[in-house]
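A.B. asks: Structure in structure tokens, see below.
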Amino acid sequence: MSFEIIKRDTNIDFVGMRKYAYVLSAVLLLAGFLSLLVKGGPQYGIDFAGGFNVQVKFSQSVELDKIRMALDSPALTGLVVQDFGDAGDHEILLRASFSEQTANQVREAVNTGLESAFPGVTHEIQRLEMVGPKVGADLREKALEAIFYAVLLIATYISGRFEQKWMVAGLMAAGLASVVYVLDFLNAPTSLSVIVATVAALVLCVVLRLKYALGAIVALIHDVMIPLGLFSLLNKDVDLTIIAALLTIVGYSLNDTIIIYDRIRENIRAKVSPSLDVVINKSVNQTMSRTLITAGTTFVAVFSLYVFGGGVIHDFALTMLVGVVAGTYSSVFVGAPILAFFKPRIDVDEHPAPATA
Amino acid sequence: MGSLRWRALLAAFVIFLALIHVLPSIPSVRNSSLGALLPSDEIGLGLDLKGGIHLTLGVDLDAALGNAVTSIGQDLRLEAREKKIPVLRPRLLDSRRLEFTLLKQEQRTELDALLAARFGSMEIISTDNGGNGQLRYVLGVTPEYVKYLQDLTMDQALKTIRNRIDQFGVAEPDIRKQQGNRIIVQLPGLDDPKRAINIIGRTAHLEFKLVDDGADVQAAVAGTVPAESELAYLQDKRGASEVKTPIVLKSEVVLTGEYITDANVQFDSYGQAYVGMNFNARGARIFEEVTGANIKKRLAIVLDGTVHSAPVIQDRIGGGRASITGQFTTEEAHDLAVVLRAGSLPAPVNILEERSVGPSLGQESIDKGIMAASIGGLLVVVFMSIYYRRAGLIAAFEIILDICLILAGLAAFGATLTLPGIAGIILTLGMAVDANVLIYERIREELRRGESVAAAINNGFNRATQTIIDSNVTTIIAAVILYQFGTGPVRGFAVTLTLGILASMFTAIFVSRIFFDSWLARRQPGTQPSI
């Protein structure tokens, strides 16, 4: 007898539930989107906005309000003081905006301010980061480019791999690239370019009838937007490591989606049923125990990172945790059912066996 | 079963290779007698784990270009004068354009010939009538020369910074040119970032200028500076506070720091530190001439635009020695001597990005990372062993093997391990079992369908392999893109993630199969696999 999370004859009607799933996703996305809209975009950390991060460790616990008063200095404009890391560590994180001051001036201001306000307490600057506005703008540009290329390459790969439509996939890539080229030519801000490119990708998928790519891209937008929205709601900074986490989620979530797609493709070839809905449901159910186990082990590993990994990696781990849940959910409830978007029945010749298989 | 033996040998060989690359990173092994036999590559730690400073410097290329064009203007005026072609006021319009006036219009062809013969780096943008038979020229730097000069400036800046860091004494600095005008400097294990930054960032442009004692200082402060003179400030320390006194200097630079051969800290009779400099033969001759011709006048020593002292020249100074005084602490004098010895930067350098991590935080991050990895790994291993029993133990063994392979890959490719890199390894712990899970679930499915044990295992592996490859490609695409666009720590993450995926594919598909096949070969007919 083996342990089984999912009984072998489980048959949940995922496609039938898709309306509820869409509503749930829409609510989550909307909440995040509204928060982003109200707050004027994500709250960028210093990597993207420029500024200073100073991590200070005290020999004993110190009140944040007193620190705020102690550090009222022209070198520390727009000061934000918050607890950092585990409670027993007595660590704080300071954030200041950039206004032509040097890192040494900031270091000086923090040291003298804290020394005079807390005579009996020793402190140590454990980390000091300064990102100038130029580097910040560059990094922002790079991060957006990274996300764009990830979407482009993955969409191309999926269309090519799943529908043997390498030509069409290439056409879509070229179409997207030229959209971006034109935007670049018109000097559009990169954030706008990415939004337009994403919409263009969706439209191209619909027009070119690339349904697997469409499902993957929708799931992907879903999985990136949910952690971003959550970060906006929690007023957390979006930094380089968060972008790294988001891209990893993209990889992870597509991993999930593709495994289900693989099974759908296999079941279509095996002519399990003429109804795409039935095929999708069967495939999702067949892969369900794998989906849950992998999500579980990944979640456990990342949760351990979240709890024990320390303050520096905390937000990264949080993004991954949210992403693993969102990614798993979207593969099952969004990515798979969306395949039925075009037409519910399967054409006989739609999926010729590839020569290599 | 020949193929099974070969596969087992290959797997053993890979594990052996991994071990000899991983072991040197463990200090107790490295220092033992075994350590001497192993390759010497250790896993490099990123600055976020080791502690240290990361700097992104921006070289002000426009300033360098402006300086070059200014001195071209001076040369032009001198050479033209030698050829009896009077030329007035070469003036910088912006860093790339020079304006001057030719006094006699009829000398135009002569001047144009001189420009073509001697000043190929400039081209005539426009000439127009300045009245009174004068001709106004605007010259621009040719794009080739701009490129040449920018490359030269970057190379010089890089060399100077490298010199300074070497003289300052940092182990294993990493200094490299980036695209555009940027230079990246990584200084591992440095505990005084403030001092290092002062040394690296200082232009250290040393000039000697005569003081214009005839000028009215008050008027100069108010804005009327005499022609060929300039306003500067004499910096002086009175106790803790700094005092700046206005002073008017002649604009002409009589001597610069480029003739310095050596600089070091010295102490006067009161124990006050100052910096003594030696000039080379040419510098010594100029210094002797200047001091001889200006006895009883004051000579200002200007460092990066600030006057450090302006002593009265008592006598002609031979021997090529000079000193900079000014209430330095010993440390400040030492650092100033370092930058003077290493040479000045060809252009001002701005710090665009600075990230410093103290060694204690680095160690803390390592400890916490290992803690998180151990607990996460343990939980996954326990779960797999319970859920898939013997097959789960194989997966557990492979997780440990994956970590070995990732670390070996890092050591072998000389990649650095960063904190996000550790996160990548932990993530791999969770994701690595995916390949095993896919295979095992497939085998279970095939068994349920009533396939024979051998056929179920065979089909399970074959069908799952395609899916595993398909699905991992997307994560690898994401990782490659992260590597392309990311900076240090994020790159570390991309590397461990990629290595982790490759390792888990190798172990789950190739190594697991060896276990299953050898079990199949030995099994009593009728026994079911423990999965």
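Backbone N, Cα and C atoms are what each Cβ position is placed from, and that goes for glycine too.
Annotations in TrEMBL come from automatic prediction, not curation.
Keep in mind it's a predicted model, so treat the numbers as computed, not measured.
What TrEMBL shows for this protein is this:
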type	residues	note
DOMAIN	A:193-343	domain 'Protein export membrane protein SecD/SecF C-terminal'
TRANSMEM	A:20-38	transmembrane segment
TRANSMEM	A:143-159	transmembrane segment
TRANSMEM	A:166-183	transmembrane segment
TRANSMEM	A:189-207	transmembrane segment
TRANSMEM	A:214-234	transmembrane segment
TRANSMEM	A:240-261	transmembrane segment
TRANSMEM	A:292-314	transmembrane segment
TRANSMEM	A:320-342	transmembrane segment
A.B. asks: Going along the chain, which residues at least six beyond the ends of the transmembrane segment (A:320-342) come within the CB cut-off of under 8 Å?
C.D. replies: 14-15, 17-18, 21-22, 24-25, 209, 211-212, 214-216, 218-219, 222-223, 226-227, 230, 245-246, 248-249, 252-253, 256-257, 259-261, 264, 276-277, 280, 283-284, 288, 291-292, 295, 298-299, 302-303, 305-306
A.B. asks: Who are the chain neighbours of the transmembrane segment (A:189-207) in space, where the CB to CB distance is under 8 Å and they lie at least 6 residues beyond its ends?
C.D. replies: 41, 140-141, 144-145, 147-148, 151-152, 155, 159, 172, 175-176, 179-180, 183, 213-214, 217-218, 221
A.B. asks: Select the range from A:20-38, A:143-159, A:166-183, A:292-314 that forms the most Cβ-Cβ pairs under 8 Å with the transmembrane segment (A:240-261).
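C.D. replies: Looking at each of A:20-38, A:143-159, A:166-183, A:292-314 in turn, the most contacts to the transmembrane segment (A:240-261) are made by A:143-159.
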A.B. asks: Which listed range (A:20-38, A:166-183, A:214-234, A:292-314) shows the maximal number of Cβ pairs under 8 Å with respect to the transmembrane segment (A:143-159)?
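C.D. replies: Maximum Cβ contact count belongs to A:166-183.
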A.B. asks: Counting only residues 6+ away from its ends, which parts of the chain sit with a Cβ under 8 Å from the transmembrane segment (A:20-38)?
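C.D. replies: Cβ under 8 Å, 6 or more out: 222, 225-226, 228-230, 232-233, 329-330, 333-334, 337.
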A.B. asks: Can you tell me which parts of the same chain pack against the transmembrane segment (A:214-234), counting only residues 6+ beyond its ends and a CB-CB cutoff under 8 A?
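C.D. replies: Sequence-remote neighbours of the transmembrane segment (A:214-234) are 25, 28-29, 31-33, 35-36, 39, 42-43, 147, 151, 154-155, 158, 198, 201-202, 205-206, 242, 245-246, 249-250, 253-254, 257-258, 261, 315, 319, 322-323, 326-327, 330-331, 334-336, 338-339, 341.
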